[in-house]
């Protein structure tokens, strides 16, 4: 089969795209082959004769509402077989159900008055009987695909009009009885607000219960897979109720107007549920002030496990909600707590987060969603072996039980696509005709939603009322409350871990454990030119090098004890800021819970981007290790320390960063973004500027070497500024 563009056909009130379809209808042996007794399908091409048939496909491109409705009756004759589905899924963007029904029934369906009127102009219809069959086919598709269009309490005007038409023109038909049943169903159903499982009303709470902050012990009593299954159950129930046309950009984009507060209730319900999951995660982590660091870290680990279970269940909605909560400002800033999360679980968290990377318009999540849309089970690929084993074990259990899974998407991706289409494409074309090509593009997205909705029928989940009641009872924290609790939790962690009395002994324990030397304490003040920081007199600085990022309590800064490695390989060994551990070539030593907002030892946000600390058993510092430590405002050897502040903030709010002669602008910018708790992937959006004087700045090219390009005769003060 081959296709050829046939151009356009223009009629009064409509424009059609024409495509010529060439199809082979017969292949027979040629005369010589027949004489030899050969069959056509067994012969090479040169011994056969092929016959082709060319047919014309007309697809309406733009038209008036009357022409679009008329095309419902002629689309099959024009070989535009998907037209009815596309029209029914998208017409609410330019017409009401009543307007379409009146045109269909009064203008084209009134068989008594249209014998020599409009019907005569429908060349593809040969008789009144054919017209009746076509109208019945359209009405049947309408009731099958969009029965919600007729839900208009309390009068149900469209449904009553349709019922009257059927009684007059198709009495005692299956269609008539079907419409009667639908009308009774709508009338008998109580008016219910489709607002998800997270709505709270007096009827939802048992025995006068009130909203409460989560009890950590009660939350811990729910198994991870049970929580994931119940979240999936709630998401499935809501997603299956979503009316596809509610997602159209022209409808969803109008939701914020006062008169549209009840617009698209099925979409609002899924969003309310998504927000409820996010807020539940935050309240369970921050809601109880008395939690210790390790207890709070255990709750984070539990939510990461739940997110992984959601991934196995192919529930991308709750998975995205949990990841979003863990990436929220109030949770992300809990550095001390995150340092107590185990390395394996952090790896799992990173893999799950990568699914929703915004790189290339969320390409990863889009491809994964389409890959798993109709698959029976999740396709899990993990780089972490232990994680992969657990996943495969859970999947094997599902397959053994014969339990198939559907797919619950993150609806926000489709909403964004539809809003972008609505913005980019015009509603009307030249002559005031409705642009139906736009509706075909929108239907491509709507069809994906419908496909995923049908896949959700594969789920077989049973509600757990104990968990659902617990979930409903949760009191959600406001952003202000969660941020305040986050600051309190981190301040308490800092007090417990690095109090003034314990800080010196903590440094001593780490120095003794890792270095086998006496204590090294960071100096209270860094002189302009200093000798290597060290412990008591007589110590050999060959055993270790320790630097201080200027211990100054009067300014907002991270204070760090920075191990130094050879400048040739500053990043291959040492502190892994993402995993919270100090590593070497032969092993790794966990380092958790050591952080302070004003002074931190081995803080992931404190510029420990280079260096390794060899232990006594793993070898000593190479003889090439620098004797002179990097300090602020001085290039010593091949490294130095610079101060980076954010544009718009006071100059005293800065972060000290160790740079070497190998560091270029993207590397330094990324580290600066990390230390200022900003997205490290946004490197291209920022520029690094050295402040020369009050009215002079040095702007670095994109790939410049910072160490050699900077002005070493002024203060090493830099600004990270967002590009215009």
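Yeah, the Cβs are placed from backbone N, Cα and C, and that goes for glycine too.
Remember, TrEMBL labels are computer predictions, not curated facts.
Record features (TrEMBL):
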COMPBIAS  531-540  compositional bias 'Low complexity'
COMPBIAS  541-551  compositional bias 'Polar residues'
COMPBIAS  569-579  compositional bias 'Basic and acidic residues'
COMPBIAS  580-593  compositional bias 'Low complexity'
DOMAIN    56-187  domain 'N-terminal Ras-GEF'
DOMAIN    223-492  domain 'Ras-GEF'
DOMAIN    638-724  domain 'Ras-associating'
REGION    518-631  region 'Disordered'
Averaged pLDDT score, the domain 'N-terminal Ras-GEF' (56-187):
85
Residue distribution over DSSP helix, strand and coil in the domain 'N-terminal Ras-GEF' (56-187):
85 helix, 8 strand, 39 coil
Kindly report the helix/strand/coil residue split of the domain 'Ras-associating' (638-724) according to DSSP, in that order.
21 helix, 36 strand, 30 coil
